[in-house]
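Contents: one structure, followed by commentary.
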Amino acid sequence: MKNPTALLIEDEALPRQRLREGLAELWPEPQLLAEAEDGERGLALVLELRPDIVFVDIRLPGLDGLQLARHIKGLCHVVFVTAYDAHALAAFDQGAVDYLLKPLSTERLRETLVRLQQRLLLPPAELARWLQQWAPPALPAAAPAAPLRWLQASQADRLHLVMVADVSHFRSDNKYTCAITADGEFLLRLSLRELLAQIDPGQFWQIHRAVVVNLAQVARVERHLGGMDVLLKDGRTRLQVSQSFQPRFKPM
């Protein structure tokens, strides 16, 4: 296979230099075709040079990174490199391979480059299928928004996308909410009320003013003199059901 080609689209010289140097150190094989400092020039270069990979910032003069990604979707593999963590879901909706936060760490960039190498091995048909799975479904104009399937969350200093179905339960401390999965705990910048408005009410039940449980992760419900508990399938987690929410479990 020929060496892949790449394009950098970043309006600031120092981040562009650091990314260039990181690529040269960690994955020197790609041929860097060109660099651009604004979105319109970047789009023109993509259409002219047809690189395999594009590294692009979100905030750019003229055409921003998300708009550019919509124009080039399916033409190349896109990696966003930005100081803003608020656009990750939109970026992945455009089929992004990854979403890197500045300042770049060597280990995080290495993970992205491994992911890119794997993606470049996909034959065109498989790549098209992968892109299709991120395409938003066509909905009637009056249809309600579909429940969230992915959540943007943080763990330590890293940004993650967490599949909602993988969450066993959510726990809130008023301002922030924690999503608990088999891979650990992830912090959401959402209140529990905001979260409940966006997830499937048939799958996620509130059982306490600060706890929401995924019914698919419930092993059994135990009633006792002190009230009611939900036991999860992990065999370790027991969650108390507040009295006001207990009637929902009576049919079980």
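Placement of Cβ uses the backbone N, Cα and C atoms for every residue, glycine included.
The following features are taken from TrEMBL:
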type    : residues : note
DOMAIN  : 5-117    : domain 'Response regulatory'
DOMAIN  : 151-252  : domain 'HTH LytTR-type'
MOD_RES : Asp57    : 4-aspartylphosphate
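In the shown protein chains, 25 other C-beta atoms lie within 10 A of the C-beta of Asp57 (4-aspartylphosphate). In the three-state DSSP scheme, Asp57 (4-aspartylphosphate) falls into the coil class.
Helix, strand and coil counts under DSSP for the domain 'HTH LytTR-type' (151-252) come to 18 helix, 53 strand, 31 coil.
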